[in-house]
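Record features, source TrEMBL:
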type: DOMAIN; residues: 1-389; note: domain 'Major facilitator superfamily (MFS) profile'
type: TRANSMEM; residues: 9-29; note: transmembrane segment
type: TRANSMEM; residues: 49-69; note: transmembrane segment
type: TRANSMEM; residues: 81-101; note: transmembrane segment
type: TRANSMEM; residues: 107-127; note: transmembrane segment
type: TRANSMEM; residues: 139-159; note: transmembrane segment
type: TRANSMEM; residues: 165-184; note: transmembrane segment
type: TRANSMEM; residues: 205-225; note: transmembrane segment
type: TRANSMEM; residues: 245-265; note: transmembrane segment
type: TRANSMEM; residues: 272-290; note: transmembrane segment
type: TRANSMEM; residues: 296-316; note: transmembrane segment
type: TRANSMEM; residues: 328-349; note: transmembrane segment
type: TRANSMEM; residues: 361-385; note: transmembrane segment
């Protein structure tokens, strides 16, 4: 193998393995109870921030990265973010004060937002061909899901010994950080490419914001089962916390499979992918609503996870192709922020439906969620037909 091919292989492996950072919170959740027990006198809001704060902060740091990519090359952004993530995550091993732990977790959130935006922006820049880009992006997201599952399993074991030890799983990020510094190529700031043109390239904000709105709604709908699976399992009367853990794992497996297949699906379906994942997600929740069989519920969780993986890959991919190359990271940052804002809003979705429709359980509001997804699917179908007609 030539030196150039070997370096290209190392670059691709670095890109594919780098996404594990985005699943960092899955390593912390198994230690949630232990963290609360360790600081019984601390403010509950502060402890909740330790668990979920990074997911909120990365929403804002994603957009900040999109703006900074106009002025700073992606290698600098990615390398700096990886160093910040590695240092702050490992510092949590030694943090004995909740305030210090919260600060370190906040820094992890900042780094996650930068990595999530800049790395997808780098994929868009390196892989000009849409089919090649969609394939790499799908594998990137699929391996991300797989690493998240491994983080969760490893952290669950370490949490039994000491809650500090869950952060040791991030030792695997040390070699990834070194690989990022060694193999990610230098790239120009995106704004520099823009300045070479005779006219400043504009961002079609109408299309980008429409994409962000759709990403928010779909991810908020999926995040209900993602974050409330234990409650749903209890309401259906099919098991306990252990059962909920299995259902969550099945969702991750579904997401992993869909992401790995995304390149092929994108090549065949392209504009009609939103129709597929919104309507099948609606069918998944329909099956969940009528099912009281644990195997069928497991199948529905797998299907819902697969549709989430498909939607996540699609929104990031589409965000990179609806804007000029000089604005790709900015568009990706908005889509990325919308996805995670939707996931953050997920636990509150049932509360809204319960209040509006006077229902008391999550299962009872599933028909309204199904209706919302069906409407989104119909709108997506109309827009997809229009795009195909315009392209023709």
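Glycine residues also receive a Cβ, built from the backbone N, Cα and C atoms like all the rest.
If you look at the transmembrane segment (9-29), the same-chain residues 6 or more away from its ends with a CB under 8 A from one of its CBs are 1, 50-52, 54-55, 78, 82, 85, 89, 105, 108, 111-112, 115-116, 119, 122-123, 126, 136, 139-141, 143-145, 147-149, 151-152, 154-155, 166-167, 169-170, 172-173, 176, 179-180, 182-185. Packing against the transmembrane segment (361-385) from elsewhere in the chain are residues 214, 217-218, 221, 224, 228, 231-232, 235-236, 271-272, 274-275, 278-279, 281-282, 285-286, 288-289, 349-350, 353-354: each is 6 or more residues past its ends and has a CB under 8 Å from a CB in it.
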